[in-house]
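*Asks:* Quick one: this structure, given as structure tokens, is what I'll be asking you about.
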Amino acid sequence: NLAWQGRATSLSATLRTMLELGNCYLQIAKIHRIQGTRPFSLSAAARAILGLGGWGDDGGKKQLTLQDVAKLIRKKECRRIVVMAGAGISTPSGIPDFRSPGSGLYSNLEQYDIPYPEAIFELTYFFVNPKPFFTLAKELYPGNYRPNYAHYFLRLLHDKGLLLRLYTQNIDGLERAAGIPPDRMVEAHGTFATATCTVCRRKFPGEDFRGDVMADKVPHCRVCTGIVKPDIVFFGEELPQRFFLHLTDFPMADLLFVIGTSLEVEPFASLAGAVRSSVPRVLINRDLVGPFAWQQRYNDIAQLGDVVGGVKKLVELLDWNEEMQALIQKEKEKVGKK
Ligand SMILES: [Zn+2]
């Protein structure tokens, strides 16, 4: 059934976009465009001929390895770590892959006959028909999914006082569920943990509306009866104020981790270029992406392949295996008690 498939593709593509909400940020990206990025790449050979340096060859400086980074962390020579995370850290938790029609969420959204997929994240459509958005909210409301090894690694960084800030593109709240305090995070695309009345702008804990969302009811403000919208950033909406913490966080960072993100969404993506040039950048991702692909620095490290596998390798090098196991066990028991 070709017609259906076509629709499936466009709906799923948008659902994916939704998770790495992006287009609305392009304007801001232009303003905050990080200096020095170039939208083209030179081959390693060309770079060598032109004397530009490249991977492993930057003014004779030795190329860093993951092992070197582990040493720097263990010796506390890096202790203001900034992490950028994307959908790739949530896939192992079973967050639905919207690209494959047939997922429960996909078929639930199918029933609403959405005019075009982007509409789910547009305020004008939301006020006409908020139900598709709340179908998604029901799926992603805190509690349905559990954090995985990658989330707990970030939690351990925090526990050790090494995490300056975690910038996440994810709206599944698994970083919070892993116990990372909200003030250590910038949830660039918003969160279901809080909600705002669309009329009187009163703020509420997202938890207040769990009952409504789970019962497929659109939540209303108890003061003014306006529709209450979880604080997910819609197209055309401003980024959370906290996003601008990057102006101080990135220049202060002494190590950058980029984990499970394709670095395609602006202005998030450009942040990777905002750390000082002497700062090691570690990519843990399925593919080589962003500046790691086209503007490598001698101190860039790419650990490619399975994201959890990459994080485990780093944990191994850090000799944090036991602590990781203890933390995961402790968190599992907490969930068990609930
Ligand atoms: Zn209200």
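One-based numbering along the chain as shown.
A Cβ is built for glycine as well, from the same backbone N, Cα and C atoms used for every other residue.
Found this in TrEMBL, in case it helps:
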| type | residues | note |
| --- | --- | --- |
| DOMAIN | 59-321 | domain 'Deacetylase sirtuin-type' |
| BINDING | 87-91, 97-99, 169-172, 261-262, 285-287 | NAD(+) binding site |
| ACT_SITE | His189 | active site, proton acceptor |
| BINDING | Cys197, Cys200, Cys221, Cys224 | Zn(2+) binding site |
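On this model, are these features tucked inside or out on the surface, and what's nearby?
*Replies:* Summed and averaged per residue, pLDDT over the domain 'Deacetylase sirtuin-type' (59-321) gives 92.
The 10 Å shell around the Cβ of Arg286 (NAD(+) binding site) contains 14 further Cβ atoms across the protein chains shown.
Secondary structure at His189 (active site, proton acceptor), taken from DSSP and collapsed to helix, strand or coil, is coil.
Proximity of Cys221 (Zn(2+) binding site) to non-local residues of its own chain (separation of 6 or more, Cβ distance below 8 Å) is seen for Cys197, Val199, Cys200, Arg202, Phe204, Ile227, Val228, given in sequence order.
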*Asks:* I need the most crowded of these binding-site residues: Ala87, Cys200, Cys224. Count other C-beta atoms within 10 angstroms of each C-beta and give me the top one.
*Replies:* Ala87
*Asks:* Which of the binding-site residues Asn170, Cys197, Cys221, Arg286 have a Cβ less than 6 Å from any atom of ligand 1?
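*Replies:* Only Cys197, Cys221 qualify.
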*Asks:* Give me the CA-CA distance between Asn170 (NAD(+) binding site) and Cys224 (Zn(2+) binding site), in Å, as a whole number.
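*Replies:* Cα-Cα, rounded: 31 Å.
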*Asks:* For the C-alpha pair, I'd like the distance in angstrom between Ala87 (NAD(+) binding site) and Cys224 (Zn(2+) binding site), rounded off.
*Replies:* 36
*Asks:* Report the residues of the chain - excluding Cys197, Cys200, Cys221, Cys224 - with C-beta within 8 Å of the mean position of the site's C-beta atoms, for the recorded Zn(2+) site, in sequence order.
*Replies:* Thr198, Val199, Arg201, Arg202, Val223, Thr225, Gly226, Val228
